[in-house]
Every structure is written in structure tokens, then in C-alpha cells.
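> Among the features that Swiss-Prot reports, disulfide bond is placed at C27-C38, C55-C150, C125-C142, with the record citing experimental evidence. Taken from Swiss-Prot, the feature domain 'C-type lectin' covers 34-151, and the record attributes it to sequence analysis. The N-linked glycosylation site annotation in Swiss-Prot covers N116. Annotated signal peptide per Swiss-Prot: 1-23, in sequence order.
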Amino acid sequence: MGRFIFVSFGLLVVFLSLSGTGADVDCLPGWSAYDQSCYRVFKLLKTWDDAEKFCTERPKGGHLVSIESAGERDFVAQLVSENKQTDNVWLGLKIQSKGQQCSTEWTDGSSVSYENFSEYQSKKCFVLEKNTGFRTWLNLNCGSEYAFVCKSPP
């Protein structure tokens, strides 16, 4: 009976330590897991369009990062900070002109359900703003060159 309790307790500890870490997601080497997706910071300086193209050409595909919750925002901010990024970082959000209407959507096609805009300017592409610890979004000129974060399926 004592052995059963000991083994059960050990399994419980392992389960609890792995839950919520993305441990069940199998990412390529150099990529980090969070909530069923893989993420990687690239320090290459690219325009927004070139960065998005680069992300889609990765072995498992993907897009510039979309951020759909405060938890994901914090994970990405930590990942960017750990990579000692010294400037703003592109994310996969762009203002799209459709006829006379504009819409904002993620490059992976998902709608914007979580927002964290720093301020709104008349530019079309968004970065994670360095001055806020990469936690808020600022729209800048799409032709500027910044590092970026790709998000891909596992």
C-alpha cells in the first residue's frame, strides 16, 4: 500500500510540473513551445513583408507571431527579452485595406480577439514595442527593418 501511494504521488508531481509548459508540443530545435504552438525569435533585420515571407518558408510553415491572450503576450515578451533584443520586433498584425474599409487581422488569418495597442499612428504594420518590455503593440512603417518572431504549428 505504501509503495502504491509513493508511486501515485510521484506521478502526480510529474504531471503537475509538466502541465501548462507546452511539454506535450514537439518543436524543432531552437524553437520554444507554448499552448500548442512553437515560437522563435530571429535577429535578422527584415521589412514586415520579408519577415512574414521568411516565417512562411520555415520547415513547418508558420507566420509572424499572433498574440491571442495576455499569457501568450507575456510568454513572447519573455522570449524576446531572453534573446537580448535591443529594438522593436515585428509581429503578425497589419492593417489591411479592402476597398474603402480597413481591417486589422493576424497574418495566420485569425481575427484580433486580444488587443494591447500602445498608441495608434497612421502606419500599417505592428511591432512589439521595446520601451514597454515588448508587451504593447505600436504601428510603424512596414518598410522599416526589425527582428521578428515566427509562430508555427508543432
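Each Cβ is built from the backbone N, Cα and C atoms, and glycine gets one as well.
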> Mind giving me a neighbour count for C125 (disulfide bond)? Other Cβ atoms within 10 Å of its Cβ, every protein chain shown.
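So the Cβ neighbour count for C125 (disulfide bond) comes to 24.
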> Hey, of the disulfide-bonded residues listed (C38, C142, C150), which one tops the CB count within 10 A?
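Selected residue: C150.
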> Please classify the secondary structure at C27 (disulfide bond) using three-state DSSP.
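C27 (disulfide bond) sits in coil per DSSP, no helix or strand.
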> Looking at the disulfide-bonded residues C55, C125, C142, C150, which has the shortest Cα distance to C27 (disulfide bond)?
C150
> Among all protein chains shown, how many Cβ atoms are found within 10 Å of the Cβ of C55 (disulfide bond), not counting that one?
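Within a 10 Å radius of the Cβ of C55 (disulfide bond) lie 25 other Cβ atoms.
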> Take the Cβ of C27 (disulfide bond) and count every other Cβ within 10 Å, whichever protein chain it belongs to.
18
> How many Å separate the Cα atoms of C55 (disulfide bond) and C38 (disulfide bond)?
12
> Sorry to bug you, but what's the C-alpha spacing from C38 (disulfide bond) to C125 (disulfide bond), rounded to the closest Å?
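Here the two Cα atoms lie 22 Å apart.
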> In three-state terms from DSSP, label C55 (disulfide bond) for me.
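The residue in question, C55 (disulfide bond), is helix (DSSP, three-state).
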> Give me the CA-CA distance between C150 (disulfide bond) and C142 (disulfide bond), in Å, as a whole number.
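Counting only the Cα atoms, the answer is 17 Å.
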> Whole-number Å distance between the CA of C142 (disulfide bond) and the CA of C38 (disulfide bond)?
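That comes out at 24 Å between the alpha carbons.
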